[in-house]
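These come from TrEMBL:
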REGION    1-86  region 'Disordered'
COMPBIAS  19-35  compositional bias 'Basic residues'
COMPBIAS  36-45  compositional bias 'Basic and acidic residues'
COMPBIAS  74-86  compositional bias 'Polar residues'
TRANSMEM  111-133  transmembrane segment
TRANSMEM  153-172  transmembrane segment
TRANSMEM  184-204  transmembrane segment
TRANSMEM  224-244  transmembrane segment
Amino acid sequence: MSAAMDTESTYSGYSHYSGHSKKAHRQGRDRHKSPRSKDGSRSEKSVTIQTPPAEPLLGNDASRAEEGQDDNWGETTTAITGTSEHSISQEDIARISKDLEDSVGLECKRYLGLTVAAVLGLLVFLTPIAFILLPQILWRDDLEPCGTVCEGLFISVAFKLLILLIGTWALFFRQPKADIPRVFVFRALLLVLIFLFVFSYWLFYGVRILDSKDTNYQGIVQYAVSLVDALLFIHYLAIVLLELRQLQPMFTVKVVRSTDGESRYYSLGHLSIQRAALVVLENYYKDFTVYNPALLTASKSRAAKHMAGLKVYNVDGNNASGQSRAMIAAAARRRDSSHNELYYEEADHERRVKKRRARLVVAVEEAFTHIKRLQAEEQQKAPGEMMDPREAAQAIFPSMARALQKYLRTTRQQQYHSMESILQHLSFCITNNMTPKAFLERYLNPGPTLQYDRDRWFSKQWTLVSEEAVTSGLQDGIVFVLKCLDFSLVVNVKKIPFIKLSEEFIDPKSHKFVLRLQSETSV
């Protein structure tokens, strides 16, 4: 408890956040927003992909403000103000209302599809049972005795229905990962096929069995068995269309992030554009490093400074050609020396990063060495006096906090790591007896989005922009874009080329050779 109180008193003041960094971060994010008017004027088709409400993925600015996240937790002053830094316009209100309407429409569409599929599945499983029970209820006295044959058919129908139930549960009843903008074509075709198939069986059953009150009960039972067999074959067809068809790679997609140009390559099978977009997003969250707009501000300020150096002014309106040429020459020399400035800036930044990284590594190793000493002392104490991992993390965190904060600021990662998240990671490493290198891995190398707080860095909504219909399959040369609030992913599809292999036979005797020694040798 004393260690926790010391840590809290030491870091009670570590909550000052620079207003300038907030505004720069917000302005950098706003500059990457694309106006809706531009999207509407293009000939492309724009649809929206939303994540299911079971896993809320917050990505708007309001939620980030409500988090109360304190990035610069290493300062020693606290700034409290009553002035709000957020404003909202009529355009924002209209956009929010439209997003709410779209979300309500997607929810209704998703639940309507689930309701139709559930009703149709219930009809499919009750139809064979109804075929067998209706004659027993309506004209039982007129039925011919069936005996052992019908009892065997009853057992066959029961087990086939059980297998069909398990297969349907495994294939169709899954937690949805996302709301796609259009209907899944193959699944809709399978539902229509099953409906037409069951309807035709009911039509034949009503005309040939119910109207005539057929007394051949064995034939009626065999008719129900044939229905169950056909449903099993339709289930096999569903497995081929929904699962097996997309396994063989047929296309290679290149995914490029629009802001920093980071790219990845993936192999996909026969998929529609909207399903390919889902696969791209699933891989994006685990393969791409987290988006950091702070890394783009330095290059933009440098470019603006060099562009400002190329301006030439003529105040008096005179033709001072010599002076103008001199100013142009000076601006050209400044432009030619810009690569030197870039080189020295990058070299200085790398030097500072290496220096602060070395300090951080040493501080963390000393802190973990202190943990080992504490563990050795705790083993000698009574069980009730032992320190839990959380208290141990709070005890050693002050010794490494300053070095860690400086390194995160230098690498512009401070907005991704709060003091609470670092303490949780430190206590996790202590609990699992991890080394200092394992603790530092999260901070020395920027990780994927999944590594960070999903409520802050996961995008809630993506917009799919494609010139082709999103239900059409992938083709060679198709380009579609996935847009979110801060950036977009440009996806370029290329077909895997046809590869022709030829065989060449090598005679085993061709590897044999004869060593001939000259007679003049001394051997």
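Each residue's number is its place along the chain shown, starting with 1.
Here the Cβ of each residue, glycine as well, is placed from N, Cα and C on the backbone.
Contact between the transmembrane segment (184-204) and the transmembrane segment (153-172) is absent: fewer than three CB pairs lie under 8 Å, with pairs separated by 6 or more positions in sequence. Distant neighbours of the transmembrane segment (224-244): 124, 127-128, 131-132, 153, 156-157, 160-161, 163-164, 167-168, 171, 186-187, 190, 193-194, 197-198, 201; these residues of the same chain sit at least 6 beyond its ends, with a Cβ under 8 Å from one of its Cβ atoms. Beyond the transmembrane segment (111-133), the same-chain residues lying 6 or more positions past its ends with a Cβ under 8 Å from any Cβ of the stretch are 154, 157, 161, 164-165, 168, 172, 183, 191, 194-195, 198, 201-202, 205, 220-221, 223-225, 227-228, 231.
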